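Feature annotations, courtesy of TrEMBL:
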- 40-62: transmembrane segment (TRANSMEM)
- 83-101: transmembrane segment (TRANSMEM)
- 113-134: transmembrane segment (TRANSMEM)
- 146-164: transmembrane segment (TRANSMEM)
- 184-203: transmembrane segment (TRANSMEM)
- 224-252: transmembrane segment (TRANSMEM)
- 272-297: transmembrane segment (TRANSMEM)
- 309-326: transmembrane segment (TRANSMEM)
- 332-355: transmembrane segment (TRANSMEM)
- 367-386: transmembrane segment (TRANSMEM)
Amino acid sequence: MAKQQQWMSNGMMGAAFLMATSAIGPGFITQTTVFTSQQLSNFGFVILVSILIDIVVQLNIWKAIATTGLKAPALANRVVPGAGVLLTLMVVAGGMVFNIGNVAGSGLGLQTMFGISATTGAIISGAIAIALFLLKEFGKAMDTFAKWLGILMIVMVLTVAFATQPPVGDMLQHVVLPTHINSLSILTLVGGTVGGYISFAGAHRMLEAQQGKPMAEKEVTKGAVTGIILSGIMRIGLYAAVLGVVVTGFVPDAGNPVASVFQQALGDNGRRIFGLILWSAAITSVVGASYTSVSFLESWHPAIVKHRQWMIVAFIIVATAVFAGFGNPVKILVLAGAVNAFVLPLALILVLLAMSYRKWLPNYRHPLWLSISGWVITALLLYMAWRAIAAL
């Protein structure tokens, strides 16, 4: 019993924090600042929708992977032969785009704190992430890394949110009765917090931490909900912190919008706090994106499993090298969310189909509310994606 409890506190909690910190990356931070400055308290409705979608997506995926004992590519191939290959290609491609943004964010974070160039900061951050994955038990190290930096981010963001004194009354009113709904911002935010590799970061880590042991459905639900709560606190806190500044009429700097907001709120200390938050969000997302993307590639060949650590290292090196020659990190961060959103509908369709095949799982009944809400959200995401393409 003690061993089971120990696994619960380490493996499951590590998976929850990996899921949460992967969802709260530099892309989300940048998008939240940009969209809040444009939509003000109406953006609270977008935050609420993203959290509700997160609940349905993560509970469906965690339960599917825990029940079948299969990672996403193998699960997809059982539904439609070859679908796992397509899903892997989409997730890895989106993961790389996202990781370039993550590396960019880590560079911006160190630049803000120490005044070094964003490229130098990105290279230093990449080296730290590589060092983590070269450890013998990198899985446990990754759990600890995500947990403590996740806690640090939450404390810092809530501190700034209290300092900026956002209009709570307007926030509460417009979170349920917005005067304007921007579907593109919903699509972009969902892509940046739930889409692509982010959907599977925690679930794949949970499966590996389990090491073949059976998992109680209640504990799987607890792990997924914990991750959702952690990311939800961070989302609401950041939105509130930014809103408290922009409602005064302050216009964020286009080159580094979040830093300018934090500096306006707390002076130079605010700028340094932002740098620490951004770096923590970015480096944990570099770790999550690299780990999860390679966990998809493992289904292709046993050699990838054998040399997994070096594959992860290579993934980080490529993302860092691309950023070093790209420039304008803010554009990369905003682009990444939109790209990743198109992966989520496909992943949800495959997961929902898998859980509906009773011959595979004769002793399991997937919750009806999760199935229905999963299909509704899939249709909603496809509609929003179509609207976004039509608007281009």
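Even glycines carry a Cβ here, placed using N, Cα and C.
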Can at least 3 Cβ pairs under 8 A be found between the transmembrane segment (224-252) and the transmembrane segment (184-203), with each pair 6 or more apart in sequence?
-> yes
Which listed range (40-62, 272-297, 309-326, 367-386) shows the maximal number of Cβ pairs under 8 Å with respect to the transmembrane segment (184-203)?
-> 40-62
Same chain, outside the transmembrane segment (309-326) by at least 6, Cβ under 8 Å from its Cβ: which residues?
-> 95-96, 99-100, 102-104, 107, 119, 122-123, 126, 129-130, 133-134, 138, 286, 289-291, 293-294, 297, 332
Apart from its near flanks, which chain residues at least 6 from the ends of the transmembrane segment (272-297) lie with a Cβ under 8 angstroms of it?
-> 18, 21-22, 24-26, 28-29, 71-73, 87-88, 91-92, 95-96, 98-99, 102-106, 108-114, 121, 125-126, 128-129, 132-133, 142, 145-146, 149-150, 152-153, 156-157, 159-160, 197-198, 200-201, 204-205, 208, 258-259, 261-263, 266, 304, 308, 311-312, 315-316, 319
Who are the long-range neighbours of the transmembrane segment (40-62) in its own chain, taking Cβ under 8 Å and residues 6 or more past its ends?
-> 19, 23, 32, 72, 167, 170-171, 173-176, 178-182, 185-186, 189-190, 193-194, 199-200, 202-203, 206, 220-221, 223-225, 227-228, 231-232, 235-236, 239, 243, 246-247, 344, 347-348, 351-352, 355, 370, 373-374, 377, 381
Taking a Cβ cut-off under 8 Å, which residues six or more beyond the ends of the transmembrane segment (146-164) line up next to it in the same chain?
-> 13-14, 17-18, 20-21, 24, 230, 233-234, 237-238, 240-245, 262, 265-266, 270, 273, 276-277, 280-281, 283-284, 287-288
